[in-house]
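Just passing along the structure, written as structure tokens.
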Amino acid sequence: MESPFADIVEEFAQYLRFEKGSSEQTVAAYCHNARQYVEFLRTSAGKRSLDQTCESDIVAFLRCLAELGLSERSRARYTSAIRQFYRFALAHGHCMHDPTELVASPAFEQRLPQVLSVEEIVALLESVSTSTPEGIRDRAVLEVLYGCGLRVSELCQLRSDDIAYDVGIVRIRGKGSKERLVPIGQVALDWIERYRRDAYPLLRSPKYAATTLFLSNRGRQLNRMAVWIIVQNAAKAAQLDVHITPHTLRHCFATHLVEAGADLRAVQEMLGHADISTTQIYTHLDRLYLREVHRRFHPRW
């Protein structure tokens, strides 16, 4: 995060701590949320000051959080923090208006992510230029997301020693600290190997002791927002006229497996779902496929 946003967030922390008398836990949470919001403004919306922002920027950020899988309760906390941030900024001369006044309980669409065809997935993956360390990382990130069906938080936590390269298995730390083992294909493994060889040493920074596999441009652990941007950039480069998020690749992973005949219980294990009813959401199967299954397996066809 760059100035002037960094200075404003720091002043916001002092305001919460000394003027509002907020607890350190509240200060940390609100400032974390504010930092993620202004980072979104800078990197995704191209804004350089709070006066350039409007209600649509806030709505876009909240929608991004929804697409990353944050619960309604978590998004409500972000909304509260952003409101406090703008009220502080307005009162202390950092902006001339408060766009949160026009953001009244935004509605979040509860719908399945877009499903890409196999051809569209290939176009997405191959659209990434791998002439730079960042490009090699981005291709590896996309290959792992689609190849293993990971949640974006699981990808960000992945460590190199979580991967058993000889047998093609990845140890995943999922929700509720539950671990599971997920197969990984040779294509994804090859891109991880190339990333570790050609990109990781150049991205790693002695300033940060990051232990995770995928690193940011500054050598820190890759975060959710960065992964979201990687997916968006790839979709744009591939000229895909659909709305895509990191969760879309997880959805495509499951859908393509089931459409190819994979057992639903096996897909459930790979996705880390406790209940198979959750996995059934990912069976976005077309009528022709269902008809073919019925024809092949029903005794009275």
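A Cβ is built for glycine as well, from the same backbone N, Cα and C atoms used for every other residue.
Copied straight from TrEMBL:
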ACT_SITE  R151  active site
ACT_SITE  K175  active site
ACT_SITE  H247  active site
ACT_SITE  R250  active site
ACT_SITE  H273  active site
ACT_SITE  Y282  active site, O-(3'-phospho-DNA)-tyrosine intermediate
DOMAIN    3-90  domain 'Core-binding (CB)'
DOMAIN    111-295  domain 'Tyr recombinase'
Could you break down the residues of the domain 'Core-binding (CB)' (3-90) into DSSP helix, strand and coil, giving a count for each?
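The composition, in the requested order, is 70 helix, 0 strand, 18 coil.
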Neighbour count, 10 Å Cβ-Cβ cut-off, for R151 (active site): what number do you get?
20
Per residue, counting other C-beta atoms within 10 angstroms of the C-beta, which of the active-site residues R250, H273 reaches the highest number?
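Answer returned by the neighbour count: R250.
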I need the CA-to-CA distance for R151 (active site) versus H247 (active site), whole Å please.
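Approximately 7 Å lies between the Cα of R151 (active site) and that of H247 (active site).
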Could you pull the average pLDDT for the domain 'Core-binding (CB)' (3-90)?
88
